[in-house]
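Novice: Could you have a look at this structure, given as structure tokens, before my questions?
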Amino acid sequence: MRDLLNLLKQQNQVEEFDSIRIGLASPDMIRAWSYGEVKKPETINYRTFKPERDGLFCAKIFGPVKDYECLCGKYKRLKHRGVICEKCGVEVTLAKVRRERMGHIELASPVAHIWFLKSLPSRISLLLDMTLRDIERVLYFEASVVIDPGMTPLERGQLLADEAYLQAIEEYGDEFDARMGAEAVQKMLKTLDLKGEAIRLREEITGTNSDTKIKKFSKRLKLIEAFIDSGNRSEWMILEVLPVLPPDLRPLVPLEGGRFATSDLNDLYRRVINRNNRLKRLLDLNAPDIIVRNEKRMLQESVDALLDNGRRGRAITGTNKLPLKSLADMIKGKQGRFRQNLLGKRVDYSGRSVIVVGPTLKLHQCGLPKKMALELFKPFIFGKLERAGLATTIKAAKKLVEREGPEVWDVLEEVIREHPVMLNRAPTLHRLGIQAFEPVLIEGKAIQLHPLVCVAFNADFDGDQMAVHVPLSLEAQLEARALMMSTNNILSPANGEPIIVPTQDVVLGLYYMTCERVNAKGEGMLFADINEVRRAYETSIAELHAKISVRITEIDPSKPEGEGETTRLVNTTVGRALLSELLPPGLPFELANKNMTKKEISRLVNICYRRLGLKTSVVFADRLMYLGFRQATLSGISIGVNDMVVPKEKQAILADAEEEVKEIEDQYASGLVTNGERYNKVVDIWSHTNDQVAKAMMERLGSEEVYDAKGNVVKQQTFNSIYMMADSGARGSAAQIRQLAGMRGLMAKPDGSIIETPITANFREGLDVLQYFISTHGARKGLADTALKTANSGYLTRRLVDVAQDLVVTKDDCGTTRGINITPFVEGGDVVEPLRERVLGRVLALNVYVPGSNEVAIPASTLLDESWVDYLETLGIDAVKVRSPITCETRYGICAACYGRDLGRGYRINIGEAIGVIAAQSIGEPGTQLTMRTFHIGGAASRTVTTDRIEVKYKGNIRLHNVKIVQHDSGKYVAVSRSGEVHIVDEQGRERERYKIPYGAELSAGDGDTVESGQVIATWAPHTHPVITEVAGKVRLQDFLEGSTVERQADEVTGLTSLTVLDPKQRGAAVKELRPMVKLVDETGSDLCLAGTDIPAHYYLPAGAVVSVEDEAMVGVGDVLARLPQESSKTRDITGGLPRVADLFEARKPKDPAVLAEISGTVSFGKETKGKQRLIITGSDGERHEELIPKWRQVNVFEGEHVEKGEAIVDGPPVPHDILRLRGVEELTYYIVNEVQEVYRLQGVKINDKHIEVIICQMLRKVEIIEPGDTSFLKGEQIDKPRLLEENEKMEKEDKLPARFEPVLLGITKASLATESFISAASFQETTRVLTEAAVTGKCDELRGLKENVIVGRLIPAGTGLAYHSERRRKRRMLEQPESLTADTGTSHYGEDEISESGAATA
């Protein structure tokens, strides 16, 4: 018996390991793994079904087919364990060794491993410094290669085709050595002196200036050094021995009818063995060279197919014409080993069923069908039955359960009590997609789900299914209850707002309840308290909507007992008074005394959570839900066709619009406007008309005239069902009602362009055939979009998770004072997101001072909560420096201070929180709501583009930023700067709005002036770009030759003439080099200079400029010399929605990007080249930078103008890499955060900036070496920042030169693949490439991230698993250095000292 126990113990001995290394296997190693050579291609004997000896399933090599039984049947039973049968040679042991024991094939001729040959960049060709094409020619026997030239003039590595080879042999005899095939390559690799080569390359790199050469040498040097350091030998990339996979991993399964289903690998192995055996025979027979060569080539091809089918040439196909699945295919892709079996597994103790609504449940409950519960909790029930003495053995308990007697149900109730279960709805897009509930047993077969958690699960009851999982161990139950319980997940981790908010029916009920009705029964009554109101309502003395007055008592919980009570009389309605009964003490009555729309209810829950905590909020939310459902039922709201009221004014509005359109068509016919303009204007008119109709309709729907008690006519909000549903936020929107009762409006074609004939009908009136046909366009595109969108969104989420998965909070505080400045977010002049919302939950990096003094208002390192941001607002501060994940200085991970508040919990983040994954989920989860559409500037969009003035919305003072102004003779100010801004600041010094001031704008107010609301402070011509003079003087036109460089044009309408500069392309050769320019001279004719400089006032004019001054005319400061017409007709696609977010995170270069100034300095134009203009910036220190810009791009700057580094010279979308290089990390952060937020904001999705910053932080993980110093890195190499910093510290300790570096921005896909962990990268994408690279360099995976640990089957180093990992490391250190045991206990920063021994063991 003890023997048996020992045997069982042996089986589950798990090795502790800290890291995983991958490398190349040497032939000896492969032979050591093997239990015998596979010599025959046979698999099993089809008569006896026994494996053939020496075949692919041989029992002698791989082990017995049945447990403890040899093949011939001489030895059976456990007692013969370990005996090797002398008859059939099979060891008597467990059959599962057939999953572990490998075999091998001795190849008759060496074969190149296709991964190292064809996976780009080809390692073999890089190492030998030959082209891949050449190496392939050698390998596949098309040419010979010179291995050792001896004394001949041939060179090592030179290729000789057949004729050349014969000729060389004739000439030199056997002086030289040249071969073909894998032997040749192997010999070359063997004879390569790696160390010498490395030294030579290092010298060459320092000795050359050519960038391409440095790049090439560096690549090779890196590979060579990797081989030297890793202990891999280069000749191991050529296989002499081929390992054979254990047979149970490539099974052969008998089907009915005597056929077999087999793994494709068996076919591939059979081909290899067949060819190998044939080659051996041919070599033994000394067959002619050409036959042997052909056989060798075929062997090479069959090994290629086994390792990676289809990588070279045509893929080998099976009987069904599909390519066979090779070893490489087994591990890559969605169905490969990584993603199918290691990252996602099927789990026991789980079930799934359809969900139905459970409106009577409490928030922490879910209804579990009895049948399901019985099945899921079976082992628990068996145990309980046995302990209770109701069954003697497990078998008896099983019988009891199968009978389903009454005692079983009693036991089930006990087992389930307080044992949480986890519910999950696929797709699990964020962490709220799995939550824990306490099960309540119910009849029926459907799971009941609490309505308030539907938002988090994104569940509806139209046939959705959910899965149930049972946490088994005590720790699992504890975590489920403490961390995953639905009552603990009230806030959304994406934005920190409540996600447990009533929707749909509940909102409708509460809204209906809190409406007012004029002249309702009981209006004007006075009540002593709310109970009296309830009695009046229940006895039908007062209606729900009657306006009444009632005395209420409010309690302030912050005051001591008995002091916080206040009583007052309030005007309200019966419904609102009844609603206020639910308000927990401490919430003012004001919060409920209004129309409860969805927004208001959400606010109410939020305030409740912030003021009164979790428990109160949960109870309150539940009670709100019950009341909402009840009132929605009582209200009897439903939709009828008569609720859709078409406004009477509609016909008149449409007639007006048609009139306007006709007018424009006439203008077009007479040639006054272009086709593009006509189209834009028509679209404009119709979108405007649509708005007007919608407005008229909403007025009709939303208000009605009624008589009040005195008989006067008053307006009140209607009780129209459709309007109430939309207004409350329960269902539908104004846009949908507009289609029902207004007009459908303009439709888009599938390519996104707008059809200019609108649909004037609505659904209530019905569409005619043409209108219906136009509608189908958009509808069909919508459906196609949705399908694509889901897939794209899922892929984006996957990339985001992959790039951020290893980012965990590992420290309390890294102690940095760096951070990023946060200002209110402004769009179109409006403050869209005030400062308080942006800094809430962040930690201050620097002290905040009271404005105008040096008194510290809020000290640094304060976590800004609601009360602090309120204080910030009263101070009127408009910019704050806060800590950010991007500036965090923690080596591995991020510190809690740089992250700030845990949005899903509302307090400072815990150590061990997996913020990377949370960030990825928060950005990816709303992805499906984003549109896929790319908008053309047309319709509604074009109206916002052509602004021509700044109109102030708030009263306040003007502050100008970087604006250069000249004063015109008329007293007006004219802006002559490009990136100027005007801010409007109120009395408290808070910024209310801000606007960009374009070049050439006329300002009517100066810095510090006070302006009123609605005042216009700046105007400009929207469609032209002026050239403005900054000095007064006389005009000289230079190089103006009418008919060659300029032409005179007369305006038909006004009759005035003007000069237009011609495009150099259209000029004759003689005048091509001339550059028309306006010079300003004084009376004597000498050049005037710009104020305060010695730069002459020369204004070069680009092609297309219209000159508005004549030669010798006098001009004053601020006058317009010329105008450049802006091309507004070009419709640029604005990429919107999901593709835009993906582009930003992938850091892609946009089309026609902005050109930024590389250095600060003065602009001048150099000699033009074909199609390009040369722009030169000269710095103050004489540094020059040249930029070639295509002629058709419009340059923003003029000759002699000063530009700052990073300023845009040519407009366009900026390249993120340029922003990083020229303006730094902080500017890049602003750019990406704002651009991403803009997309989400359009869809009304709120995401905290922190999440985007976390992803940017991961995109900036790598740095590029500029100067390697004394480190072993190479110039231009990309290194992980922590690794570089460690190396630099080492250098500084040894008084050597550290490396200089600059940050690089990688797109998320690149960043994921460039991660230090090869396991994580391989499981993401491009598995073959990643594994090839890792094997050659002998990479070691430290298993730091989450993904790697999931793959090796451990707890993840985040959350509660962090303690387990640090404990494991600590024990490890104790084993390694027992003498320093006492000193070592307090070193780790995870605080693992609190974790007991048992805790670590069980976790």
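Each residue's number is its place along the chain shown, starting with 1.
Just so you know, glycine gets a Cβ as well, placed from its N, Cα and C.
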Novice: Under Swiss-Prot, which of the candidate ranges 1264-1298, 1369-1403 is annotated region 'Disordered'?
Specialist: 1369-1403
Novice: Determine the minimum-neighbour residue: among D460, D462, D464, listed as binding-site residues, which Cβ has the fewest other Cβ atoms within 10 angstroms?
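Specialist: D462, out of the binding-site residues D460, D462, D464, has the fewest neighbouring Cβ atoms within 10 Å.
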Novice: Could you round the CA separation between D464 (Mg(2+) binding site) and C888 (Zn(2+) 2 binding site) to a whole angstrom and send it over?
Specialist: 43
Novice: Can you tell me which of the binding-site residues C85, C88, C814, C888, C898 is spatially closest to D460 (Mg(2+) binding site)? Compare CA atoms only.
Specialist: C898
Novice: Quick check for the class: what is the C-alpha distance, in angstrom and rounded, between C888 (Zn(2+) 2 binding site) and D462 (Mg(2+) binding site)?
Specialist: 46
Novice: Let me know the most crowded of the binding-site residues, choosing from C70, C814 and counting other Cβ atoms within 10 Å.
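Specialist: Within the set of binding-site residues, the most crowded position is C70.
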Novice: When you measure from the Cβ of C72 (Zn(2+) 1 binding site), how many other Cβ atoms are you left with inside 10 Å?
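Specialist: A 10 Å sphere around the Cβ of C72 (Zn(2+) 1 binding site) contains 14 other Cβ atoms.
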Novice: Can you give me the Cα-Cα distance between C814 (Zn(2+) 2 binding site) and D462 (Mg(2+) binding site) in Å, rounded to a whole number?
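Specialist: Distance between the two Cα atoms comes out at 50 Å.
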Novice: Give the three-state DSSP assignment (helix, strand or coil) for C898 (Zn(2+) 2 binding site).
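Specialist: DSSP call for C898 (Zn(2+) 2 binding site): helix.
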Novice: Under a criterion of Cβ-Cβ distance under 8 Å and sequence separation of at least 6, what residues of the same chain contact C88 (Zn(2+) 1 binding site)?
Specialist: R53, A59, K60, C70, L71, C72, K74
Novice: Taking every protein chain in this structure into account, which of the binding-site residues C85, C888, C895 has the most other Cβ atoms within 10 Å of its Cβ?
Specialist: C888
Novice: Quick one: which residues besides C70, C72, C85, C88 have a Cβ within 8 Å of the Zn(2+) 1 site's Cβ centroid, in sequence order?
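Specialist: The surrounding set, listed in chain order, is A59, L71, G73, K74, Y75, E86, K87, G89, V90.
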Novice: Using the centroid of the Cβ atoms of D460, D462, D464 as reference, list every other same-chain residue with Cβ within 8 Å of it (recorded Mg(2+) site), in sequence order.
Specialist: I355, A459, F461, G463
